[in-house]
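Features reported for this protein in TrEMBL:
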TRANSMEM  6-33  transmembrane segment
TRANSMEM  54-76  transmembrane segment
TRANSMEM  82-100  transmembrane segment
TRANSMEM  121-141  transmembrane segment
TRANSMEM  161-181  transmembrane segment
TRANSMEM  201-223  transmembrane segment
TRANSMEM  229-246  transmembrane segment
TRANSMEM  253-272  transmembrane segment
TRANSMEM  292-313  transmembrane segment
Amino acid sequence: MTVTEGLGLLVLVGLTAYAVLGGADFGAGLWDLSRQRRQRELVVRSMAPVWEANHVWLIFVAIALFSGFPEAFAALSRSLTGPLSIALLGIVLRGAAFAFRQYGAPYGGRPVRGTGLWARIFAVSSLVTPFAFGAAAGGITTGRVRADGSAGFLAPFLAPLPLVSGLLAVAACGFLAAVYLTADADREGDEELVNRLRVRALVTGVIAGGLALAALPLLPAWFARQLSLPAVAISVVCGALALELVRRGHYQLARVAAAGAPAALLGGWALAMQPWVLPGEVPLRVASEGTASLILGILICGLMIVLPSYWYMIRVLRAPRTTAEARATDRNTVAGR
C-alpha cells in the first residue's frame, strides 16, 4: 500500500465513522418531531452523551484532507461551497437549538416560551444537513463539479442524482437512528416505544433501499462500470439483514447490520471514484511523499488515542441507570407534567 492509499484509507475511515455515528444523530432529529414526549426524551437520552463528540470524525476528515491532500482540499472547498455551507449552517443551528431547548425545558421542568421553536429548528436542521452532504456526494459523482467552482454555487447539485443522493442520505440517517433508538428503548424496557420505533425503522429502511435502487439508473456510465459489486452486495445484505433482525426483535444485532449498509455503500463509492477526487479534474495525490508519510504516522497515532477515548466515553456515559436514578427521573418527569 502506498502512502497516498494509506492516507486515502484513513479519510475513508473517518467519513464512514461520521456517516454511521453522526448520521444516527442527524436521523434522531427526524424522530424528535414526534408529539410523544417519551419518544423525545429517549432521543435526548440517546444523543446527549455523543451528539457533539461525533463531530470529531468530521474534523478528522478535514484535517486529513487539508494536511495530506492540499490540492484536493482546495478543489473541494471551492467546488462544494454551496452544499458545505448549508451543511455547516445546519450543524451550528442544530447544536444551538439542541442546547437552548434543553435549557428551556430541563427534565422535570415546564417548557418556557420559545422551547418549541428551538425543537423545530433542531429537527429541520438535522434533516437539512445530511441532505446537503448527500447532494454534495451526488454532485461529485455526476462529474459536473469543477475544481475552480465555475460550475456554480448550487447548480451542479440540483440534478436528479444529487437530489436523490440527498434524500437517500436523509433516509439512511433516519433508518440508523430508528434502529439505534429501538435498541435503546428495548434496553430500558419500554415496550410501547419499542413497537413504535420498530415500525419506523422498517419503513425508513424500505424507503432507503428504494432510493438506493432509484439512484442506480442515474449513475454516469463510467461510474457504473467501476462500481464495486461486492461492496454493493454487502450493503444490500446488511440492509436486508438489519430489517429482518428488527422484525424478529434482535435489536442489538440489528444495530451492527444497519451500520454495515451505509458503510459498505460509502466504501463502494470510494472505490468507484478511485483515483479521482473530482472526476477527470483532480486526482487523489499527495504534495510530497516524505511529508505525507509523516502525516500518515501522526494521524494513526491520533486515532490510537481517539478510538479508546471515544469508546470509554460511550461506555461511561451510556452505562445502565441504577434503580434509584430511574426512580428519581420518573418522579421529576411526573412532577413536570
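Glycine too: its Cβ is placed from the backbone N, Cα and C atoms.
A TrEMBL annotation is a machine prediction, not a hand-curated record.
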Where among 121-141, 229-246, 292-313 do we find the most Cβ pairs under 8 Å to the transmembrane segment (54-76)?
292-313
Positions on the same chain near the transmembrane segment (253-272), where near means CB under 8 A and six or more residues out:
8, 12, 15-16, 19-20, 23, 137, 141, 172, 175-176, 179-180, 182-183, 201, 205, 208, 212, 223, 226-228, 231-232, 234-236, 238-239, 241-242, 245-246
How about the transmembrane segment (121-141) and the transmembrane segment (6-33): do they have 3 or more C-beta pairs under 8 A, pairs 6 or more apart in sequence?
yes
Please identify the stretch among 6-33, 82-100, 201-223, 292-313 with the greatest number of Cβ pairs below 8 Å relative to the transmembrane segment (161-181).
6-33
With the transmembrane segment (292-313) as the reference, which stretch in 6-33, 82-100, 201-223 has the largest tally of C-beta pairs below 8 Å?
6-33
